[in-house]
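**Student:** Got a structure here, written out as structure tokens. Questions coming.
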Amino acid sequence: MVTNVTNLSRSGLYDWMAQRVSAVVLAAYFIFLIGYLVAHPGLEYATWHALFSHNAMRIFSLLALVALAAHTWVGMWTIATDYLTPMALGKSATVVRFLFQAVCGIAMFAYFVWGVQILWGI
Amino acid sequence: MLYALDLSLDSEEGFASVKAGLTSPLAKFVIWALLSALLYHLVAGVRHLIMDSGIGETLEGGKLGSKIVIAVSLVVIVLAGVWIW
């Protein structure tokens, strides 16, 4: 089975670390955003726009976007290599798994580019 | 979600249309469902980090931990529902 070649870093230990570091970044970003929305019930466009125009927020958002891409890749890779196996799918498993991973990769890349456009387009 | 972010930051009208769109019961339910999945993932992820640091790694600890995850998740999911409606 060709599975190791498709993981994020070629090293399980590094993937493990990347998953956890990105998880902490995403948790911080998510909790910050939810906290912000809870603290601003009648949110206006100007306030919302000002938040995302702030350079610190752009850096934080971009960091979260990178973390999301890495976290998603490690997670989907784990699911794909756990379940899309020859034991479950027979001979075509490698092709199916590779296609699945390609779709995940393209989707994440598209989300990343789109996210950058949103952050720097305003 | 990205489309909503894009639209809400694009212009005053875009922001207003996202805000208006999120008032429908169906939109609220979808947001709540997405938020519930994310909150459960968050709580279960925090449990993983705690277990990585060596706490709750026994069989009993694992069983207790999973119950705590379900209980905490239920509480925050209900709170999220209260916040949305």
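Heads up, the Cβ atoms here are built off N, Cα and C, so glycines get one too.
TrEMBL annotations: computationally assigned, not manually curated.
TrEMBL lists A:20-39, A:59-79, A:99-120 with the feature transmembrane segment. Among the features that TrEMBL reports, heme binding site is placed at A:His71. For A:Tyr83, the entry in TrEMBL reads ubiquinone binding site.
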**Student:** Roughly how many Å lie between the Cα atoms of A:His71 (heme binding site) and A:Tyr83 (ubiquinone binding site), rounded to a whole value?
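**Tutor:** That separation, Cα to Cα, works out to 18 Å.
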**Student:** Which three-state DSSP class does the residue listed as 'heme binding site' fall into?
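**Tutor:** Once the DSSP labels are grouped into three classes, the residue listed as 'heme binding site' ends up as helix.
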**Student:** Only counting partners 6 or more residues apart, tell me which same-chain residues put their Cβ under 8 Å from the Cβ of the residue listed as 'ubiquinone binding site'.
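**Tutor:** In sequence order there is nothing to list, since no residue at least 6 apart has its Cβ under 8 Å from the residue listed as 'ubiquinone binding site'.
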